[in-house]
Amino acid sequence: MIAAIEWIPAGRANPTPSKYEYSRAEQEFLEKVQAGELGEEANENDEEWEDVNDDDASEEEQVEVPAVDPESLPADLRMDDYSDDEDGEDKVGGLLVGKDAEMMIDAAEAADDDNDIDSDDDSEDEDDLADVPDTREFTPLDLEGLHAMGIGGGKSGGDEGYTLEDLQNMTMNNDDLNEEEDDEEEDEDDIDDVKIRDQDALILVAKAEEDFASLEINVFDTEYNNLYVHHDIPLPSFPLCLALGSVVGSYQSNENDGITAGNYVAIGSFEPGIEIWNLDVMNALEPTLVLGGMDTRGSEEEWMRMQMPVSTSANGGGKKKKKKKNKKKDTAGGLREGSHTDAVMSLSWNTVHQQVLASGSADGTVKLWDCTHSTSGKKGDYIRPSATLTHHTDKVQSLAWHPSEGTLLATGGYDRRVCLADARSTDSQSVKTAKLLADCEAIAWDPHNQQYLTVASEDGVVQCWDVRKFGGDPVWSMIAHEYGGVSDMSYNAHVPGMLLTCSIDKTVALWDTLNPSPKPTPCGSKDMNVGRLHSVSCYPSSPWLLACGGSGNEIAIWDVEGEDSIQKRFAGRTSGDANVATSNIEEEEPDVDFEAVMAAGDDQATSKALEGMNKSKKKKGKKGKKVHKRK
């Protein structure tokens, strides 16, 4: 089953991904090797070992084997009774007796006589072949022609070529040269196989098959419409959600003190920990970071201790080290401090403050993580959450950071509420709330009208609120899927007003939300033939590609550029007219900051801010040019 699907924007992935990355323990071990700290570490660990002499073994390790009387063994197991005399088969183990022994002896002697005759014949044949003259004819060697080509010495430029001895040792198919050429061709082929081309679109898929869970990086060749798995990452638990990010704190050595920018994904699962993987490493052995979850520091230290050589110079060459059996290790256990205590159901990476990740869990909490800051100050060390929000009373199913306001976070849960929280405050009283008629399933901000927050619930209803008047009546509401509810939705970042929803009724539906009076206009739906759908995503680098997946465990890609009815409605919005309409909206006097409204401490300041926003909205209505008029 496919639980989550996401497109990777073009240009984010490394065109030539690496095949391997050192794990945390390996990196620390190599750093200690370079720093020459191995001897010190070994001496520090000497107290966990005790001296044992080579010739003094413990009583527990000495095992005495009881003596066995050979006469008590069966005849076929008395190895001392076997004779080395090949002609005495009648005496082997004392097993050949009577007439049977005599018959076998006669047969063996007859066979020996035949062998002697054959060997004599072979020797005579060999002698005869040695007297036969060799009548083969060989083509004479054209040394002058070889010299003209610079072989065998005598190049026109005076450079020495191959000698005659070298020439005689040469063959038409030089194995060494051919192997080198083959290796170069294989290396080039390997690079071509993993290289990401300009026309390749990457799709991230979190899936599970029976007892095996994995994260697949799929490549869709937009030129030839080919889809294949580029590489995958095994996961320890069933994935539930994922989020793309670009800035994390890594244990790898670099100039930025462990802070790296790249192509990363955070994965939430039934485990309380959040794994962050580097998507540009094909054979990654472990995640770059783990936020929360089980404390595994004891196992990492044990691995490091096993790699350290034991110093024997101070103890003498005649002694070895043996680990004490009753030594108790101080290893940490349980969950890390600040971790979620249940499954991680939702994730959202901040696009403004790119190191900030928000997570929602079945434990009813929302946690904010700074992926570059560890409490100890050591790069790659354990990261604790920066804040924990507890405004929900049930599982937190959905999260979404505002696309341009870096501290405004929308959350939705199974307590049938959708909330707006200011990340700068952990006070539940500052959270604004709107009620739903069913459990929340998905949240999305309209990228072209960023004051609009859209929420889908499991009863199939999709509602949109203006966050400047959040808590009141929605701007519009519709029933997107009558059977099965809405499992996910996605806005098209290139086409204003294009909204996609998917459902467990196996269909994807398109909606026009640009002029929702009184509700969005349906623009068609399609059965994707991959089972019940759980996730849908629009490609952020192209206006007409979308992908979805679900219970069928297969990806379905829909190129809506070939749909005449969809093109007739939406194609004009990606041209200059749509840009003029959008720019007219943006050229108005600046809106009052959403963050200022959320942080306002008194009702008077809030009312003034909302009044300013409403005036701005009226001016937008006068200046804004309509792109499409509904008939």
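Each Cβ is built from the backbone N, Cα and C atoms, and glycine gets one as well.
Note: TrEMBL annotation is automatic and uncurated.
Pulled from TrEMBL:
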COILED    167-197  coiled coil
COMPBIAS  150-160  compositional bias 'Gly residues'
COMPBIAS  318-328  compositional bias 'Basic residues'
COMPBIAS  615-631  compositional bias 'Basic residues'
REPEAT    337-370  repeat 'WD'
REPEAT    389-431  repeat 'WD'
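Tertiary neighbourhood of the repeat 'WD' (389-431): same-chain residues 345-353, 356, 358-362, 364-368, 437-445, 447, 450, 453, 455, 457, 465, 467, 470, 593-595, 598-599, selected by CB-CB distance under 8 Å and a gap of 6+ residues from either end. According to DSSP, the secondary structure content of the repeat 'WD' (389-431) in residues is 3 helix, 19 strand, 21 coil. On the 0 to 100 pLDDT scale, the model's mean across the repeat 'WD' (337-370) is 94. For the repeat 'WD' (337-370), the DSSP counts in helix, strand and coil order read 0 helix, 17 strand, 17 coil.
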